[in-house]
Amino acid sequence: MVPSCFSRFELYLFYNEAAADRTPQPQLHSAPPPPPPISIPSPRPGDGGNSTVIAIAVVVPITVIFLLLVAVLIFRAKRKTTAYETEPLADGDDIATAGSLQFDFKAIEAATGKFSQENKLGQGGFGQVYKGTFPSGVQVAVKRLSNTSGQGKREFENEVVVVAKLQHRNLVRLLGFCLEGEEKILIYEFVHNKSLDYFLFADSTMQNKLDWAKRYKIVGGIVRGILYLHQDSRLTIIHPNTRRVVGTYGYMSPEYAMYGHFSMKSDVYSFGVLVLEIISGKKNSSLYEMDGSAGNLVTYSWRLWSNGLPLELVDPSFQDDYQTNEITRCIHIALLCVQEEAEDRPTMSAVVQMLTTSSIALAKPRPPGFFFRSRDEKVEKVGPSTHTSALCSVDDASITSVAPR
């Protein structure tokens, strides 16, 4: 074979050094290439469903619990707004307030002359009222509650504190109370001009002192005072449904007198009776004859209205010193207030609007409560679609006493 290359080995340089100088320098190492991207595996179909189920299992119970709490709070709020009973007093300031208003029984007994008849101002279903004069010269009206009032000590103190907080120009101010043994006494500021019934029913001389203009102003003051108790006061004053019926018959609404159910509409009924007394100068507890049958003032007023004779109710002492439309409208409003069904009666705020705004149309009144009907009297049935008349039978065997107890 023919050799194709030669090998040489020396201990010294034998190749061309210049050529060695022209040899390229070794290059620096470059940065390593970036690592390949990490691939994220896509979720499997079953994993997303599990997370959704977990979210629903957490959110739904929380939402249900929240809605239940809201419902409970709303229900409790409604119960508070519809409850009529007085809330118990706190053990702090209210009890201290009650204690600061308390009078000694011996001092009251001395101020009233041991509750003498000379100092007696009047009486009603809740008790008797006396005039009292303390050694300082301060005069007060002392209301001695009867034993049939049915109030306990705690309930009496609650009522005292509530009434003491009322401030209105048309309300008599409570000065204090006395609670010793069986004695329950309320002490009010003394009204020097006496009560309204003194001027309405005493005699013609007193009646002449109250012309229609003054009586109309009195009606406006009464309705504003009741409205304050029902609505404007921060304390809603209304009697609860009681098991014991206490009050003056003739002014009590039918549902309260017969069943012990008291509401704001019961006050409306009493207001209507009082307006009829103010207009006529007659007591509701008396009986008045018309067309051969007798009835109380409410019945008498209803018969005059039904026969188109409302002005026959007007106190003769007015003579002609009144506006016909104004006094007729007041009679109309009073008859709306004494309707037998409580839901038919207006609210006191509506009564204020009726009295102050003559442009408001008034509804047709229905028969009043405690209506004494004659044997052959026809009573119109008022309803949404019926306007018929029916004969009413009369129970002549029973007699209803309307005198106060």
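Cβ atoms here come from the backbone N, Cα and C positions, even for glycine.
Among the features that TrEMBL reports, region 'Disordered' is placed at 23-45.
Positions annotated as compositional bias 'Pro residues' by TrEMBL: 31-44.
Per TrEMBL, the feature transmembrane segment maps to 53-75.
Here TrEMBL flags 115-362 as domain 'Protein kinase'.
Per TrEMBL, the feature ATP binding site maps to K143. Note on K143 (ATP binding site): other Cβ atoms within 10 Å of its Cβ, all shown chains, come to 21.
In the three-state DSSP scheme, K143 (ATP binding site) falls into the strand class. Taken together, the residues of the domain 'Protein kinase' (115-362) have an average pLDDT of 86.
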